[in-house]
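Student: Input: one structure, supplied below.
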Amino acid sequence: MQTWQRVAFGLFAIAFGANVFAPMLPVYKQLDDLSESQVTLIFAVYVSGLVPALVVGGPLSDRVGRRALIRPALLASFAGSVVLIGGASGHVELLAVGRFVAGVGVGLVMAAGAAWLKQVSSPAAGARRATVALSAGFGLGPLVGGMVAEFLPRPDVVPFVVHLVLVALAIPLVWNAPAPPVVAGERRMFPRTAVAPRFLLTVAAWAPWVFGVATISFLTLTSLTSAQTAWPVAYTGLIGSVTMLTGVAVQPWAQRLSAKARPHATVSRAPGGEVEAAGELSRYVPPAVVGLGCATAGLLLGAVVAWTQVVWLVFPAAVLLGASYGIMMVSGLREVEFLAPAEELGALIAVFYSLTYVGFFAPYVLSIVGPLVGYATCLVAGAIVTALSIVPVARVVQRGTGSVPQGS
């Protein structure tokens, strides 16, 4: 097995564990009488473990190497599922702790794993391999978890056992996989490229929508319609899988679109230590524009779902929102790889992923605001925001250049 395949399987196993929890929300509501806001908050708690691990782990992987971060990530992912099993039968505190620990594992692997795959892959393949590995885990986790929880006994335990088996298989594959050498250079815990206008306008402005639209699809829309189905847990898992695997399916196309003008771009150092990208980039249409367009359409269709409670409409909405997730994830990673020098790559990937995971709180916010003003109103408002988010990206493209601060 090639190195990139071993690393990709590690990413897949950890991502599987992150989302195997998604179809468990109706299980906990049914078995433990938890409210919608409680289960969506527990689902999002893992972001509080993930983001600090990302912020520390990304720059740390630039200093100590990628493998040194992925080893504890696998152990944390394993431990998270063990704690979640202990939280079965209504131990809400253990459920929250388990999600937090799982988040630490995902945070450590997201930046370090993506950077590792980039370093052992061709320039065109690195971002796609990382996103496909993660998205496949995020997509198959809810599908397998939903089916297992719906049709096998102990629905609050068995899905996590499946994840434990996957991680147990991944650990020996990844533990001693050949690691790329640490690149010499000045190290910063916070990369200077994260404050570059091009990053702020073409990535940071829309990054929270990456997981925002995905979680709205498989948590909010399923919650609104699951009462109309015979198998609500399997239904939730299926929509989660449709959402995330659509994100996988569109990524080869998104990769080609993202790379279309890049080979013809020129990069030059300007006075003051900045790098300017020009040439064909002035005619480059970022795939983020397409992704935000899909998000707008998907949220509008989601508003129709909220208004009508028609189950079959959730499927095309999930396809649109999943496509948006996949396109924006590839677009963001490609832009990060283009902007970041080698010594800041892990750190800037960490910043990007941290911004995307803010979107995991979208279903929780909707569970609070939706009953007050209407879910359809909230989703229409979201569609307006995603449409407006296209503007800063388009403005940078019209300018045709972007400054990226480099080391002094």
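A Cβ is built for glycine as well, from the same backbone N, Cα and C atoms used for every other residue.
Dumping what TrEMBL says about this protein:
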- 3-408: domain 'Major facilitator superfamily (MFS) profile' (DOMAIN)
- 7-28: transmembrane segment (TRANSMEM)
- 40-60: transmembrane segment (TRANSMEM)
- 72-90: transmembrane segment (TRANSMEM)
- 96-117: transmembrane segment (TRANSMEM)
- 129-148: transmembrane segment (TRANSMEM)
- 160-178: transmembrane segment (TRANSMEM)
- 199-221: transmembrane segment (TRANSMEM)
- 233-254: transmembrane segment (TRANSMEM)
- 288-307: transmembrane segment (TRANSMEM)
- 313-333: transmembrane segment (TRANSMEM)
- 345-366: transmembrane segment (TRANSMEM)
- 372-394: transmembrane segment (TRANSMEM)
Student: Sort out for me which stretch, of 7-28, 72-90, 96-117, 129-148, 313-333, has the most Cβ pairs below 8 angstroms to the transmembrane segment (288-307).
Tutor: 313-333
Student: Ranking 160-178, 199-221, 313-333 by Cβ pairs under 8 Å to the transmembrane segment (372-394), which is first?
Tutor: 199-221
Student: Considering only Cβ pairs under 8 Å, which range in 40-60, 129-148, 313-333 makes the most contacts with the transmembrane segment (233-254)?
Tutor: 129-148
Student: Give residue numbers and ranges for long-range contacts of the transmembrane segment (40-60): same chain, 6 or more residues beyond its ends, CB-CB under 8 A.
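Tutor: Tertiary neighbours of the transmembrane segment (40-60) are 18, 21-22, 25, 28, 34, 68-69, 73, 80, 92, 95-96, 99-108, 110-112, 115, 187-191, 215, 219, 346-351, 353-354, 357-358, 360-361, 363-364, 367.
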Student: Compute the average pLDDT of the predicted model within the domain 'Major facilitator superfamily (MFS) profile' (3-408).
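Tutor: Overall, the domain 'Major facilitator superfamily (MFS) profile' (3-408) comes to a mean pLDDT of 85.
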